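Undergrad: Below you will find the structure I want to go over with you.
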Amino acid sequence: MAGTTALAAAVISGLLGGAPSAQAAPEGPSRGAPDQPDRPAGAGALPAVWPRPQSMRELADAVPLGGEAALVAAPDTDPYALDVVRGILRRAGVRTVHEVAPGERPPAGGPVLYVGGSAAKDALRALKAPARGDLPAGGYRLAVGQTGGRDTVALDGVGPDGLFHAAQTLRQLVTDAPHGRHQLASALVRDWPGTAVRGITEGFFGEPWSRAQRLAQLDFMGRTKQNRYLYAPGDDPFRQARWREPYPAAQRADFRALAERARANHVTLGWAVAPGQAMCMSSEEDLRALRRKVDAMWALGVRSFQLQFQDVSYSEWHCDADEETFGKGPAAAAKAQARIARALADHLAARHPGGAPLSVMPTEYYQNGSTAYRQALAEALGDGVEVAWTGVGVLPRTITGSELSTIRQVFGRPLVTMDNYPVNDYAEDRIFLGPCSGRDPALATGSAALLANAMEQPVASRIPLFTTADYAWNPRAYRPAESWDAAIDDLAGADPGARAALRALAGNDSSSVLNREESGYLRPLMDRFWKAREAAVNHGRPGKDADLAEAAKALRAAFATMASAPDRLTGDLAAEVRPWAEQLGRYGRAGEAAVDTLMAQAHGDGDAAWTAQRTAQRLRTESEGSPATVGKGVLAPFLERAMTEANAWTGARADGPRPTEGAAPTSLTVPFARARPLTAVTALTDPGPSAGAVSLEAHVPGEGWRRLGALSPTGWTESQTPGLRADAVRLSWADGTAAPSVHALAPWFGDTPPAGLELARKESDAQTGGTARVDARIYSRRPADVREKLQVKAPKGFKVEAPGTVTAPRGGTATVPIAVDVPDDARSGTYTIPISYAGGQQTLTVRVYPRTGGQDLARGADATSSGDETDDFPASAATDGDPETRWSSQADDRAWLQFRLRRPVRLGLVVLNWQDAYAARYRIEVSADGRSWHTAAVVRDGKGGRESVRMDAPDTRYVRIQGDQRATRFGYSLWSVQAYAVHE
């Protein structure tokens, strides 16, 4: 279903967004039980239970499990629930289970377990369990404690599924006890499903799941209290184009096995048929064929059916009789589909009473609001038929209760929500392992059924499907991050290494349409590393900075977990996710090498740095060729930045001079445009024992080639050449010697200032008595750090705050804050402040304006414009003082907004609060009479958001914001404009 063209269009049009932002590192946090509404404050003995129960609280001391126990159950007790309880006891080390009929006295020794029936109700009452009350179908009560001096466990359920759900909760109450034994946590649980029908759709396009995969998925569904499995593979012809034909014998056997396993897990097996335009809607013969097919599927164990019409055309029919009978257009298609649905629903009710209601996936399954098609379908569908939808959009980022209510009213019947997360058939390079999110609690409680469309990878799908099961069971208490964490542990098992590996994989495959954020646990480590590195560089001590060392250690550990993930994942999961796990491993190894590169450079160790950088570059190249996307927007940009900064340290600039081969294939030369002084030459080559046979040489005018030394066998060679003038450098080797593999041959010149100096901005505004602040960026142009004085020459009366001696780092940029305090008596005007460092100079221009203050003069002012976009966004909205209203212009660079002040003022400040559509360039014009205007301020690099523009404009009565260039394709839009006078 999700592989339709509509889904691809939705993704392309921008629906895609990207697990939880605050996740622990892959090694995993410590976790206790999820918070429970009834749980006493400070209780800590209860283990986590998933899906999260509606009510669970600690009762008393845990019940030990030893060699024997008694099991009391009536003959008609759900056999599958009993099987679960027996399995719990067996795995907990209980070797002897005495099965006792109700009314009989259990033998002494070990706890007694009452599973259903009046005996369980009596035990629950004795254990002071909450009353059954109005528990819905699927609900249950469970108590573990002591009564009458005997360790007692009691389970009782409502409807056919309740006792089975209780057994699944009991399974999770088993905890470790001393001496290798086990125990049951003492608890009172009153629980019920928030959504009556919860489950999975196998609806993707691609290779359908195998029998074994489906059987395992049904077991997973039983453990997570899901009760509907809808079989709807996109590439199964026997439910689509060949729907009339019976399944082959082998597939019929598969369905029988699925039905049997589904019963054992209290799951209803569903089957979807999509006759589409391969059916003559008016044909009684085709209708009889459909009934026969449905009857055949019922005989195989299917107990729920869905008719799918999502790919049906409004203008084409399978037979001429359909056009004669129904006509053309959306309403005609709806009437034809409703005829089939009514007939099939009537047949199921008469022939197979007691089955689940028939559901219909209409052609318009994702649109919003009412349409002619939907009105016709709603009027013609019979009673008892449910309608399926996917939310507003094929794969919407959010689905709200309000949207559900609207569409339910449109169709006038219950809705089956077919959530197209985490299906990935539209993005085969991705696996979506983040949690379900963006779904209102009211969606779950208001849907007749909630089914999540799984990925082609069934085992990997269990991470997001676990969270969907948790959401559907208890939507109001659903917490995506906690549920996601539990899902990973559930799938990985108890092994810490497997958990760490899976957490790393899921953490770097968590973004999706639902949540655009990727690698939520890793990005803080990256940010910490870059900030620590920047701080260390600014202080001139990257090789000795403890904060940088700690940040690098933490980040490298996270990369190491990623690197080892492919070897720690096993079984079917490893086979399913191999391309993504291998890509994760590549990124992990590349990340380790990238951190090693930068840290070795920080210590000045060129050999170690180049060895690590070569590894990082090789793995980065390999990752670019992988068909699997992992860590989207996070991992690749980290490597790109790391390699860019590493290249700056080595001198291997992308814009550096290019080497050329000599006339004979025994040299590689980098010629210069003219003879220049050299301070050093760096050669980056592949390591090897023959490196010593290759010479690094410089061409000295009037002398010829001068040997600087041999290449290093490590591949990192740097020769210092103080005072040497040359017009070329080269690598040279003899005939018969293997040519070196050269990555870079970088000369370092001595005829430029030893360090570069740049200003973050060259202009700054300040009030009299205020401060102008700017950051200076300095960097070394030599193969070493440069340490010089920073000189700032301020006008008389101005005070400068800046460090004296500053280190310009090799390969990095140090940020130096400069503050210029403006005296109180400074006159308005423009001041130039020269800033110099190591022979380089920049000029900071400070525009000084008088102080402003008082009330906002623009508030309530009459406003006009060159033209409003619509009446909903008038010019007056910019000055009305309401933060929720805004002015919006037509899409014209020359658009303007102006307002009239109540009285003439000496205008000193205009504050603009832009909406997303802002100006890249604009002017503030002023006028005394509204006819003669002059420019008071010019903004040449507008950034949007809140912008403060200063000026000194006496006798101002009118103010105009005159646009010069839009930053977007839209017009200009302002939430508000404020104006303040000079403080006299």
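Any Cβ shown, glycine's included, is placed from N, Cα and C.
Here TrEMBL flags ASP311 as active site, proton donor. According to TrEMBL, the feature domain 'GH84' maps to 196-476. Per TrEMBL, domain 'F5/8 type C' is recorded for 847-982. The region 'Disordered' annotation in TrEMBL covers 18-48, 609-631, 855-889. The signal peptide annotation in TrEMBL covers 1-24.
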Undergrad: Taking only the residues in the domain 'GH84' (196-476), give me the average pLDDT of this model.
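TA: Reported value for the domain 'GH84' (196-476) is a mean pLDDT of 96.
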Undergrad: By a Cβ-Cβ criterion of under 8 Å, what residues six or more beyond either terminus of the region 'Disordered' (855-889) are in contact with it?
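TA: Residues 895-902, 905, 907, 910, 915, 917, 959, 963, 970-981 contact the region 'Disordered' (855-889) from elsewhere in the chain.
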Undergrad: Is it possible to get the count of other C-beta atoms within 10 angstroms of the C-beta of the residue listed as 'active site, proton donor'?
TA: 15
Undergrad: Determine, from DSSP, whether the residue listed as 'active site, proton donor' sits in helix, strand or coil.
TA: coil
Undergrad: Could you put numbers on the helix, strand and coil content of the domain 'F5/8 type C' (847-982), residue by residue per DSSP?
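TA: Taking each residue of the domain 'F5/8 type C' (847-982) in turn, the totals are 4 helix, 79 strand, 53 coil.
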